[in-house]
Amino acid sequence: MSTAESATSTATRRTPGLVPVTETMRTTERTEEPATDHPAAGPSGPSAPSGRRSAARATWAFWRLLGSELGLTFRRPRNLVMLAVLAAVPVVIGVTLRLVGGSDDGMGGIIQAVAGNSLMLTFVSFSFLVLLLMPVAISVVAGDSIAGEAGGGTLRYLLAAPAGRTRLLAVKYLNAVVYAYAVTAVVALSALLTGLVLFPAGPVTLLSGTTIPVLDGLVRIAITVGYVGAGMAALAAIALALSTFTEVSIGAIAGTMVLVIVCQVLRAIPELGSITPYLLPTKFTNFDAVLRSPIDTGALADGLLTFGAYILLFGTIAWARFSGKDITS
Amino acid sequence: MTAVMQEAGAPFGAAPPSGDAIVTEGLTKRFRGGQVAVDALDLAVPRGSVFGFLGPNGSGKTTTIRMLLGLVAPTAGEYAVLGLPQAEALPKVGALVEGPAFYPYLSGTANLMRFDAADPYAVRGTVRRRVEEALERVGLSAAAGKRYRNYSLGMRQRLAIAAALLGPRELLILDEPTNGLDPQGTREVRALVKEIAADGTTVFVSSHLLAEVEQMCTHAAIMRAGRLVAQGTIASLNGGLVTRIRVETPDEPGAARVLGSLGLAEVRIEGGQVLAELGGHAPEQINAALVGEGVAVRGLAVVRPSLEDVFVGLTGEGFDVDG
């Protein structure tokens, strides 16, 4: 309290309580300031709890906002349709392979592998989906996250609530990550069920030729889901960053997809082999490391590090842009 | 020009609860294109007032409100809302900014729940009751379950006001609250504002409709092209201009003579009417004097200067000129 008095007495021309411009944007984030010297917080207003109660309240409020966000995401028909489409793809692949494999004219590796074991369909499905269709779904949700609110005008009301810029961005990103894992899990589950119905269950033969028991196979599928989900979370960070630059969500979504496709094209050019390892989609397919014996943890760790770097980089870009942006929509 | 404090970490909130609800000092916003939307604004909104923030379209009202809510960063100057740091002030502020904006695929209730979830101070346990009360207050209870997409313009505006009333508020910032409302809705909003103000809540209403503000506000500030033209109580704003009396009569010279003999200044005749400055005279005594002198009175009215007259007097132009 004494510091407050000395501050106001030294700054003579200053009206008490005025917030310096440089402070205003950032102080919005400081929701947990112990507010013991704010008698203005009367019984009608939000009380000014201090210390741990304030921190607990902030934590609950964060989960509440995330819950609201997840509720919106998972009730929105568009997002559910994308999940349904992605769930249908492994079924289509499974049925096709079953029909082709049934003709038994000595087809190549993939079909034999799948026809030989139900669990293999999961890996085949991921290698089909991970480079295009799954990124589309993740881009739509993450690219829409900030831009969609800005375009609809709801962003100004969320921030005036006040949601807090960093807090809102964190909630939006976590929401996109949950959706990314939901997409990944749905694909894996659909592929697993389809595989069990259409193909014989039993020990899995890996790429390296060794055979592992079913339980071990399931563990490897779980690892794949974890890895692919992390890759999609990295992609979500890019889409989120783009989303903070526009009020048109389709722009952020298309921008992310263009990036993904450009990366695929670059990977296809042999002369550019030196940059390929740094492109995000290159690491998406690293999940086949779980099909080695033993699991190629080096390749997985390499991919996860890349994902982490992308999340850090684009998360920072998103934060830097969003925390200082004038909201004029 | 930039009056940025050095002791940035110093605790704020030294302002007593009786201080101003909104203070700005030299608040300026220059957009990237170089256009100055708000130019060195010094605003003081007393607690408990109903403050009309007036100006033609494009005069910087909404930009000012966006700065107060932390949506737009000022280029220069300082401001304080409720004398608190922004994160602590905003939960006590209900706001309607530049028209309603909601999720079209959600119902009115679900929309309000969504914005309540964004407020870190809102109590989850009471949200149902608070949402119901807010909807009740703006007369939307019957449409609570309807999707926002199917709301009429007036219903959307009401829902936005309901969102501003979700929690206990010390300050309500309403940007053009009667936009899109029919006359009945406008009257209801006016009554609602008075009711809210009666509870001690400060209400800051922006409008380009001067007459509307005059009817519900205790204080007003007038903006023109980003600059503050005048501010104060409605009475003090009108103070510079005189109140006149207008007598409708077939006997104009007779009425003018009586008014002159009563000591009224600036008596003049305008086709069937006699006008004079009222001064400290009571209209009913003037009427009695006129009748006593045998002057036929068809109508008698006290003409108070409107804010529009104030604006024209201060700027020399009509109010509806865009900045």
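Heads up, the Cβ atoms here are built off N, Cα and C, so glycines get one too.
The feature compositional bias 'Low complexity' is assigned by TrEMBL to A:1-15 (among others).
Among the features that TrEMBL reports, compositional bias 'Basic and acidic residues' is placed at A:26-36.
For A:39-52 (among others), the entry in TrEMBL reads compositional bias 'Low complexity'.
The region 'Disordered' annotation in TrEMBL covers A:1-52.
What TrEMBL lists as transmembrane segment is A:80-100 (among others).
If you look at the transmembrane segment (A:120-142), the same-chain residues 6 or more away from its ends with a CB under 8 A from one of its CBs are 73, 78-79, 82-83, 85-86, 89-90, 93-94, 97, 110, 113-114, 172-173, 175-176, 179-180, 183-184, 187-188, 190-192, 194-195, 198-199, 204, 221, 224, 228, 231-232, 235-240, 243, 252-253, 256-257, 260, 264, 281, 284-285, 287-288, 290-291. Among the features that TrEMBL reports, transmembrane segment is placed at A:120-142 (among others).
Residues 70, 73-74, 79, 82-83, 86-91, 93-95, 97-98, 114-122, 124-126, 129, 134, 137-138, 141-142, 145, 221, 224-225, 228-229, 232-233, 235-236, 239-240 of the same chain, all 6+ positions outside the transmembrane segment (A:176-199), place their C-beta atoms under 8 angstroms from a C-beta of that stretch. Per TrEMBL, the feature transmembrane segment maps to A:176-199 (among others).
For the transmembrane segment (A:219-242), same-chain residues at least 6 beyond its ends with a Cβ under 8 Å from one of its own Cβ atoms are 119, 122-123, 126, 130, 134-135, 138-139, 141-143, 145-147, 169, 172-173, 176-177, 179-181, 183-185, 188, 192, 212, 251-253, 255-256, 259-260, 280, 283-284, 286-287, 290-291, 295, 300, 303-304, 306-308, 310-311, 313-315, 317-318, 321. The transmembrane segment annotation in TrEMBL covers A:219-242 (among others).
Cβ atoms under 8 Å from those of the transmembrane segment (A:249-269) belong to residues 131-132, 135-136, 139-140, 142-144, 146-148, 151, 235, 238-239, 242-243, 275-276, 279-282 of the same chain, restricted to positions at least 6 beyond its ends. The transmembrane segment annotation in TrEMBL covers A:249-269 (among others).
Under the heading transmembrane segment, TrEMBL lists A:303-322 (among others).
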